[in-house]
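Annotation source Swiss-Prot lists Zn(2+) 1 binding site at CYS61, CYS63, CYS76, CYS79. Residues or ranges marked as Mg(2+) binding site in Swiss-Prot: ASP522, ASP524, ASP526. Residues or ranges marked as Zn(2+) 2 binding site by Swiss-Prot on the basis of sequence analysis: CYS903, CYS979, CYS986, CYS989.
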Amino acid sequence: MNSKSSRITSIQIGLASPEKIREWSNGEVTKSETINYKSLKPEKDGLFDEAIFGPVKDYECACGKYKKIKFRGKICEKCGVEITESIVRRERVGHIELAAPIAHIWMTKELPCPSKISLVLDISYKEIEQVVYFVNYIVLDEGNGKFPKNFNFKEVIDLSSQKSSKETRSKLRKTLREIYESIDVEASMENAIKHKIARTFYDTLAESNMPFSIEEVFNFISSFTGMRFGIGAEAILELLKNIDLDKEYKDIYEKLRKSENTSDIKTKKLVRRLEAIKWLKDSNNKPEWMILKNIVVTPPDTRPIIQLEGGKFTTSDINSFYRKIIIRNERLKRVIQNNAPSIILNNEKRLLQEAVDALFDNASRKKPLLGKDKRPLKSLSEHLKGKQGLFRQNLLGKRVDYSGRSVIVIGPELKMYQVGIPVSMILKLFKPFIIHELIKKTDDEGNTKDPIVSNIKSAEKLILNQDNTIWPIINKVIKQRPVLLNRAPTLHRLGIQAFEPILVEGKAIRLHPLVTTAFNADFDGDQMAVHVPLSPEAVAEARTIILASWHILGPKDGKPIITPTQDMVLGNYYLTMEKLNMPGQGMLFANVDELKTVYQMKKVHVHSIIGIPTSAFPKKQFPKDGILITTVGKVILNDVLPEEMSYLNNPDNLEELSDNDIVEWGKDYRTFIEKKKVYKAFTKKTLSEIVNILHRKYSDASLEIVPSTMDKIKDIGFEYSTKSATTISAFDVPEYTEKEKYFEETDKKVEEMKKYYQKGLLTDDERYKKVVSAWSSVTNQVSKDIEKLIQKPEYLTNSIVIMANSGARGNISNFTQLSGMRGLMSKSYNYDQKQKSKVIKDTIEVPIKNSFIEGLTVSEYFNSSYGARKGMTDTAMKTSKSGYMTRKLVDATQDVIVNNEDCKTKKGTILEVIEDTKSGSVIESLNERLINRFPIFDVVHPKSKKVLAPAGEIITKAVANEIVDAGIDKVEVRSVLHCKEENGICQKCFGTDLTTNKLVEKYTAIGVIAAQSIGEPGTQLTMRTFHTGGVSSGTNIAQGFERLKQLFDIIPPKQWEKSIISEIEGKVSSIKASPDNPNILVVTIKNSKESINYKVPFDSELRVEEGDKVKPGSKITEGSIDVKELLKVAGIEVVRNYIIKEVQKVYRLQGIEIADKYIEVIIRQLTNKVQIQDSGNSDFFIGQIIDINTFRKENEKLILSDDKVPATAVNLIFGLDEAPSKTGSFLAAASFQDTKKILTDACVKGQIDSLNGLKENVIFGNLIPCGTGKKSNEDIIEEGNKMYELEY
């Protein structure tokens, strides 16, 4: 612990020794009683005893002798209770001394992790279980050597199963025969009796049902041979006590060194044993501590008894477990005192073992303890794991005070950093601050004054009655702190933003329309939550970082996220339309004010093309002086933009005006207007580009310019969408009559396919594919026709077309369905599906030929509604799957924080264009991939030798274009995949932050941002295997979300979609049919050293031809590559590039752009572990899995020192399910999945968690080690005050 700040800096977990438990305990619990049913006070020595756990009431003992704080620390002579606060009942523990040793269930059970006792003793876990549960005996000592050894040390004597029972009996009889043959009967009477006993045992053991206790036989054999047999946890305890860990470690290590193959089962088990023994050796945990001699009784307030109405009580399940343990323990003590026969004794011990097992882990027992309602009781393990467990319910997420929620409505009158909060909500949320102002005795300058009310009660009354005196105070109080707004589901960081509250009437929260995209909110009944930041630091952080007006660009792609939508787009589109021959065309205005006046007098139309001198815009740059030819609307729009910004006239070239837009003085500008090419209006895309320009030019100069300009654009958008009076009507739908000719053709084709199929010339799969493909192309053709149709001049003023063209609402697909045809509908593909078929039939092959305007027939309506409903269920399924994936991504990357400026690595990732090798289409161009990265070496022009991009300097958009234009197709750049930083990554390897276009700041939690950027668009990915351009490829390869899951979880593709890959570099020497099987092709790949034959099913699509060159990992057949196979064949670099390419393919096919570097962050976490093959002179052991940077560091030391051999290792790749549990933190891992396994391993290891990630620190209530968590509080508050002054 860090004493200065009382901040916990690391935590260790381990096995508790019996002495340690007694040291923690405040007393032994010996009675199973809880509370007295009459007085309701805790019973003495019971599970709630005040003497052990502390007083029930603050500073009051049980008998009432001492009351009040003045006796603090005193212990009552009468009842033994310490006088202190009652909160200690949440901290103090007791213990139960067990009458017999008990094995801990986490250490004996095989699942979810290999049984630790089994690994240490090298006895199978089933045998351990049989010994612990008193089924079988185990040999503890082989004897004195006078007799031949019939039983080996640690051998389990199985008497339960028929087969092994027979073997055991014959071994026992053999031993007994040796004994009675060695006895000299003549020597004494005693010998004769012993001989007789041995004979009797010998004869009786021939039968399967024995009339005596087997223990008598063991005791008899023991007295002669010195052999000892044990049963129960006591026997295991003795074995664990006597084990020599150092000797075991050396033996296993030698065996591992000699073993050839590290992947066979025997070697894997040896590695697991070595690991367990090394953990115990290094952690100072003793193996015998895995067997319990006493158990902790948890604090009573964590397992309360609660009184319900009607005098009934309800209690935590944990109490039932403890009661059972205490009852059985006390009974066992009595049985031992009374010297009961061993069969009764063992039975009692077994019952106690089961009771303790149930307390620790009830669910994993074969027959769990059930409650009254026949459900299994919740044991300590269940209290930890899952969504309702301690980690996720209580430690990582808590419910928050000072919060409210309500429905949201649009607030077009708000500024971008404002939110309208209903009065009733403000009165509740800001109540303590309002009361403080009401009872305050000093004014803001510090002078004394009379308070408005004298006490809190009166203040509350004023608030309740909404007295007039409180309004000035409320207005003052709400200015002091912003509020946080959150909309669930919070898929990325923009799901929570800060706003300055404004009082509004009604009960709904008013939300600024521009932030709806970031929240993914709409106004159809969505609700949002409001939270109030309390501390000065939280207020300052909300203002400096979370305030809505700073979030201009989205983190996933660096594109504007506050682009105007819907009405605002429509208004701006209408405003910037250009039409010839409108009222007022050709008028010349002296300045903007004159133009506005004439427009308000309705002498000129908003679409009219007019002239205005360039001198009317003194601060703007023009290519030349003269008369600017533009429209009234565009002048109005440019008037709200910053004065220095260039004049926006042509949406195709916003950055600069062309000479044609300006007519020199003295020339006839009116004739020019009549001949002028009419520019298009500003669409949503144009507005997005304007935001980009604004952000690029002004975000450094002054923070408030961009948001205030956006507010003005929003205002004129709403104003002119109202003025445009755009409406929607059935008569606006374009008329289209061409489709019948396509239908006739395609119907003939479909009939033809049917005939071919009936004659056996086509398979059903081929027929289906061709039919679906034919109808898809008809729909595409109809779609193209309608697209041409609505571009005709007569449709340019059509309301629906305006909405679609502007990007406000609707697209070409809606038009196709409205006036063309609905086309093909999807169906669920396991409906009537033969499993053998390679084609997923997820489309109804009869299309809907009618359009909505014509109306659908009954069968069409049915198919249509079937498809629509499937869409709805898919969306619901997708949302939950995508949410789970985001959680896994966050867990895998939560400790990736930018911790350093430069790790000085000399290795990088080679970037080249990502293209679909099959179709040759570019998925992501090299320009896009290069922007915002640092090259490792100078990028030099191949011809002129000019340095285009110096090493270590950022590549801008212009430089990236230069590099590509120079014909360079590969550039090695810095990448997080090769960052040498041990904790987190460095600034240079990541490059620039997409939201600021500057170098990423130190302490940014880039891992979480990466996870959110990939997870957030996950819901937009399709669930169905969609077909690009009809049905392109014959096979159905998982696409969309399923493909993403395959890549990140490292799931091998299914047999039919798996691609066969080459293992060597060489040439395809031949492709022939197999002589044994005509359905199989044999592809032979040859090089100078070897040749390999690959068997390929006849119906697979080949990717190679004879004579093609292949590399290791090249595809031989079409499909998805198994990543683990690729890793073996081609190495980690190829695998990393393959995953980046495939993930980008999934997203970009859906039109979603994500920066490469986020995918790299995820891949870094999945591929940053290696497994030791040979330890050399290092401290690693063979088979150990370690972090790649640790491995590199250790090897660098070994290479620099003389005569030392470095270790060798192979790269591993883990899926998202495993990656979080491989991080250094057991707390983060345990709070993710497999809680039991991770905590068990950590205990045996004695693992130390140094709290480097975010989750671990949240659990301990520390500030997280990123962002402002690394700054001082004074700095944060100062920044907050600066920001407050900036608000416009």
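Cβ atoms are placed via backbone N, Cα and C, with glycine included.
Taking the features listed in Swiss-Prot, we show where each one sits on the structure.
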{"residue": "CYS61", "record": "Zn(2+) 1 binding site", "DSSP class": "coil"}
{"residue": "CYS76", "record": "Zn(2+) 1 binding site", "DSSP class": "coil"}
{"residue": "ASP522", "record": "Mg(2+) binding site", "DSSP class": "coil"}
{"residue": "CYS903", "record": "Zn(2+) 2 binding site", "DSSP class": "coil"}
{"residue": "CYS979", "record": "Zn(2+) 2 binding site", "DSSP class": "coil"}
{"residue": "CYS986", "record": "Zn(2+) 2 binding site", "DSSP class": "strand"}
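In space, ASP526 is the closest of the binding-site residues ASP522, ASP526, CYS903, CYS979, CYS986 to CYS79 (Zn(2+) 1 binding site), judged by Cα positions.
If you count neighbouring Cβ atoms within 10 Å for each of the binding-site residues CYS61, CYS76, CYS79, the highest count belongs to CYS61. Within 8 Å of the Cβ centroid of the Zn(2+) 2 site, not counting the listed residues CYS903, CYS979, CYS986, CYS989, the chain contributes ASN900, ASP902, THR905, ARG974, VAL976, HIS978, LYS980, GLU981, ILE985, GLN987, LYS988, PHE990. The Zn(2+) 1 site is defined by CYS61, CYS63, CYS76, CYS79, and by the 8 Å test on Cβ atoms against their centroid, the other residues of the chain that qualify are GLU50, ALA62, GLY64, LYS65, TYR66, GLU77, LYS78, GLY80, VAL81.
The Cα atom of CYS903 (Zn(2+) 2 binding site) lies nearest to that of ASP526, taking the binding-site residues CYS63, CYS76, ASP524, ASP526 as the candidates. Checked against CYS63 (Zn(2+) 1 binding site) by C-alpha proximity, the binding-site residues ASP522, ASP526, CYS979, CYS989 yield ASP526 as the nearest. Calculated from their C-alpha atoms, the gap between CYS986 (Zn(2+) 2 binding site) and ASP522 (Mg(2+) binding site) amounts to 39 Å.
Of the listed binding-site residues, namely ASP522, ASP524, ASP526, the sparsest Cβ surroundings within 10 Å are found at ASP524. Cβ atoms within 8 Å of the centroid of the Cβ atoms of ASP522, ASP524, ASP526 (the Mg(2+) site) belong to the same-chain residues ILE408, ALA521, PHE523, GLY525, site residues excluded. Taking all protein chains in view, 14 other C-beta atoms sit within 10 angstroms of the C-beta of CYS63 (Zn(2+) 1 binding site). Of all the binding-site residues listed here (CYS903, CYS979, CYS986), it is CYS903 whose C-beta has the fewest other C-beta atoms within 10 angstroms. Between the CA atoms of CYS76 (Zn(2+) 1 binding site) and ASP526 (Mg(2+) binding site) there is a gap of 59 Å, rounded to the nearest whole number. Around CYS989 (Zn(2+) 2 binding site), the same-chain residues six or more apart in sequence whose CB sits under 8 Å from its CB are CYS903, THR905, PHE934, ARG974, SER975, VAL976, HIS978, CYS979, GLU981, listed in sequence order. Using Cα positions, the member of the binding-site residues ASP522, ASP524, ASP526 nearest to CYS61 (Zn(2+) 1 binding site) is identified as ASP526.
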